[in-house]
Structure formats: structure tokens, C-alpha cells
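**Student:** Have a look at this one.
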Amino acid sequence: MSRTTFFEVEILDAKTKQQLCFLDKVEPHATIGDIKGLFHRLYPHWYPARQALKLDPRGKSLRDDEVLQSLPVGTTAIMYFRDLGPQLGWTMVFLVEYLGPLLTYLLFYFRVPYIYSHSHAFTASPHPVVTLACACHTFHYLKRLVETIFVHRFSHGTMPLRTIVWNCAYYWGFSAWLAYYINHPLYTPPSYGDLQINYALAVFVMCELGNFSIHLTLNSLKNGSRNRKFPVPTKNPFTWLYFFVSCPNYTYEVGTWVGFSIMTQCVPVALYTLLGFVQMSIWARGKHKAYGREFKDYPSLRMAIIPLIL
């Protein structure tokens, strides 16, 4: 009968190199998540989500699912701890990020006092496109909130509180900037009138439907299956974009804001769309490369976010 070889784990502070704890007789099949749980018992204020454990003080954080015996360490492992700070669950993160723009935009639409001149307080714009833009913006963020509560499935992942503050500043700040100009008393409608507005509205609606369809597809992919699979087109025509890109949810999201930009003919909206496209392209390329590494049979025709281009 073989004898189990236990590990010893010494956890040091990544900055000071001082010993924080010494774990004796750790099972070789223990995961980093298990070690974080043991560490949490000794330091209750450092719950697992706040912990980052590394094999090198300046190295990459170890994943929770990594097994101790598979790491490049001996039977005595030295790990370095870094406090990630207060954390917030992803559901709460998205609720906070999306509720802000929804309410902020409405303040400008209803022209509450001290935003524009006193004579325009609680007045309505004479241009129908302003009301339409408010309806589209409100629908977009209501959809995001509904998806966060009922569609998206989150693991136990969290986000640092300081990052949430920056994200909220981005979403809330841009929402206020867009709303200020679109609802401004001097705002002028698009150059080509109803033709431009109607075509842009069609793009907006189609992309919103496409984005929602992709989120439903991703939800069903995670539901009840232990074997990881990459998303593929379904009978829903909106998912056929999977023939060409790895992240059609981002493609549709960019399309939504392109439609909104054309509809309002507002420079701040166009700038927001451009910045969003840049960020989503980075996310999409990262996801595309991850799919390629994980699945040997991943379709070679697919690009990251724009068919045949990017």
C-alpha cells in the first residue's frame, strides 16, 4: 500500500516577505481554492476572493482550480500572498454599472433644474428623435439589467471595488455627456431627417435582438453541461454570425451604438461607440485566441469581432 506524501505550504506577504502562515500536511490533490480556504480560517477578514496567491512575488496569480501537486514546487511550497482589496460579485457589479446610465440619462431628458437654463427646466424637446433616443437608450439599459438578473450566469468571480468605481465613472460619465448634448435645447435633428432616423432605428433594433439572442445561446451552452464546448450557430438566424466571428455579442453591441450614433448624429455618441469598439475588440481577440488554444477543431474561418477583417 502506497503512502500519501503530504505537502507543506508556507505563505509569505508578497511585499514584506514576512511569513503569514505555515500549512502542514496539505493533501497533494488540494487546489489553490482549498489553500485559500485554509488561509481564510486563519485570517477571516481575507476571504478567498480577496486573495491572490503566486509562486513568485511579481508573477501571475494562481488559478483556484490549479492542483498543488501539479505545480512546479517541491513538497514544501512557498507562495506569496497579495490582498486584492474589497470585492463585489459580478451580478451586483453589472447592476450598479447599468442602473447609473439609465437614471442619469433620464435626468437630462426631463431637464431637471440646474442642468440647462432655468427657462428650460422640466420642458420637453420639440424634436421627436430626442424622445426616440431616450426610449432606445432606456430600452438598452433595461435589457442589460434584465439579462444580468435572468440570463447571464456568473461563477463565483468578483471584481475589486476600486475597479468598479472606475467602471461606474466611465458608464455614468459618458451617459451624462451623451444625454447633455442630445437633450440640449439647441440640439438639431439629423441632416437627412426621418430617412436617416428610421434606418438607424432598424439597425439599432436588429442589433439589440441579435445581442440578446447571443446571450441566450451562451446561457444555454453553460446550462447543465460539464464538458466545455464552444458556441455554434443555432436555428435562430441571429446566431448565424457565429459562422464568421467568435464574439457576435460584441459585434451586435457595437452595431447597436453605431445605429444610435447615426440616429442622433451626435459626436459624443460616436466617440463613445469608437472607444467601446476598441475595448470590445481587445476582449474579443482574447476570447478568440482562448477558443483556438482550447479547442483543436475550432473553426478557422472565424475572426474575433468583424467578419473576415478583425
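Glycine residues also receive a Cβ, built from the backbone N, Cα and C atoms like all the rest.
No curator has checked TrEMBL annotations; they are predicted automatically.
According to TrEMBL, the protein carries these features:
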type     : residues : note
DOMAIN   : 7-83     : domain 'TECR-like N-terminal'
TRANSMEM : 88-110   : transmembrane segment
DOMAIN   : 158-310  : domain '3-oxo-5-alpha-steroid 4-dehydrogenase C-terminal'
TRANSMEM : 163-182  : transmembrane segment
TRANSMEM : 197-218  : transmembrane segment
TRANSMEM : 239-263  : transmembrane segment
TRANSMEM : 269-286  : transmembrane segment
**Student:** Give the nonlocal contacts of the transmembrane segment (197-218) in its own chain as ranges (CB under 8 Å, at least six residues past its ends).
**Tutor:** 129, 132, 136, 139-140, 143, 147, 151-152, 189-190, 231, 234, 236, 238-239, 241-242, 248-249, 251-253, 255-256, 258-263
**Student:** Can you work out the mean pLDDT of the predicted model over the domain 'TECR-like N-terminal' (7-83)?
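**Tutor:** Per the prediction, mean pLDDT sits at 91 for the domain 'TECR-like N-terminal' (7-83).
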